[in-house]
Amino acid sequence: MPIEEVLGFAVAGTFVLYALLGGADFGGGVWDLLALGPRKAEQRALIARAIGPVWEVNHVWLIVGLVLLFSGFPRAFAALSVALHVPLTLLVLGIVFRGTAFTFRAYDTRGDAVERRWGVVFSVASVVAPLLLGMCVGAVASDAIRMQGHAVVSGFFASWLSPFAVSVGVLTLGLFAFLAAVYLTHEAHTPQLAEDFRRRALVTGGLLFPLALAVLLLSKEGAPRVWTGLSQTPFALALHVGTAVAAVVAFALLWTRRFRAARVAAATQAGLIVLGWAVSQAPYLVYPGLTLRSAAASPVVMRLLLVALAVGAVTVVPSMVLLFRVFRPQPPGTASGAQETTAT
């Protein structure tokens, strides 16, 4: 396999990991906004305990993917930075506001107006950021980013405000909310809380099917490369079958309240959706102007990047596993859980 394809799959892998981990954090903010019923305070407390210790770490995967893209495919990074600088800037602001609000809310006085305002900022940013992220993905997957030489000539708004890009944004938001609900069923410390998020997971999971179908149908005009890749290539059937099986298994496990296994099935479903986008668009980074080969840096740079990625994985992956084990959310009745509640 050519070295640029290896690096391209590495970039896609980091985006899959970001969707499964960072995306679920965004989804937690969605459910913070939509907390309802007599247990809404407990629902928000559970969300804070689940994402509080590790929410910032999950952005590592986005940073790694962007560094690989910047260093390994500089022409594509430059084109996307120009064509999508408006939504990308808004996305960064959303991530910053979300993290700031989450931190300030955790250390504010419980129950006062300022804490509630920080909560609104956190929740709204958690909704807006996934929408913008998905709209950027939709713009990249479409043929709306046009180049002449090294210059982007398609403008700054049309590519990410198209019906296809907006539909991808809505699908991304729904997918992240689904992941968060499934993960929270396992993190819940009471059967009642688990049931609250189980119902949310079943509803959002059911909505993913028509959303994904709408994206697929809109791709026929809005993203012809993706439409071809998802409907007319040999891997398309295997991808659709695998995603459908994972979705059915996730629903069955949620229905029977086997929440630990449901997390794996839901993550598999989400990972296949993200991977399907990447594979259907290959070998293009910006269709139809830039391929993996035409946008690639020199072979020496790409080899060094792969070596650095391998060395980094050896240290980062075990460290993150340890981090998640050490900061595993605890019920508020335990000693560590009481400390967590005080801190968050």
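Quick reminder: no glycine exception, Cβ is built from N, Cα and C everywhere.
The following features are taken from TrEMBL:
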TRANSMEM  6-34  transmembrane segment
TRANSMEM  46-70  transmembrane segment
TRANSMEM  76-97  transmembrane segment
TRANSMEM  118-140  transmembrane segment
TRANSMEM  160-185  transmembrane segment
TRANSMEM  197-217  transmembrane segment
TRANSMEM  237-255  transmembrane segment
TRANSMEM  262-280  transmembrane segment
TRANSMEM  300-324  transmembrane segment
Taking the transmembrane segment (262-280) as the first stretch and the transmembrane segment (237-255) as the second, find out whether 3 or more Cβ pairs fall under 8 Å, excluding pairs closer than 6 in sequence.
-> yes
Of the listed stretches (76-97, 118-140, 160-185, 237-255, 300-324), which one yields the highest count of Cβ-Cβ distances below 8 Å with the transmembrane segment (46-70)?
-> 300-324
Give residue numbers and ranges for long-range contacts of the transmembrane segment (237-255): same chain, 6 or more residues beyond its ends, CB-CB under 8 A.
-> 182, 185, 198, 201-202, 205, 208-209, 230, 261-262, 265-266, 268-269, 272-273, 275-276, 279
Please give the sequence-distant neighbours of the transmembrane segment (160-185): residues at least 6 beyond its ends with Cβ less than 8 Å from one of its Cβ atoms.
-> 19-20, 23-28, 30-31, 46-47, 50, 84, 86-87, 127, 130-139, 141-142, 144, 193-194, 197-198, 200-201, 204-205, 207-208, 211-212, 214-215, 218-219, 221-223, 250, 254, 259, 262-263, 266-267, 270, 273
Positions on the same chain near the transmembrane segment (118-140), where near means CB under 8 A and six or more residues out = 23, 25-30, 32-33, 44, 80, 83-84, 87-88, 90-91, 94-95, 97-98, 100-102, 104-105, 108, 159-162, 164-173, 176, 222-223, 277, 281, 285-286
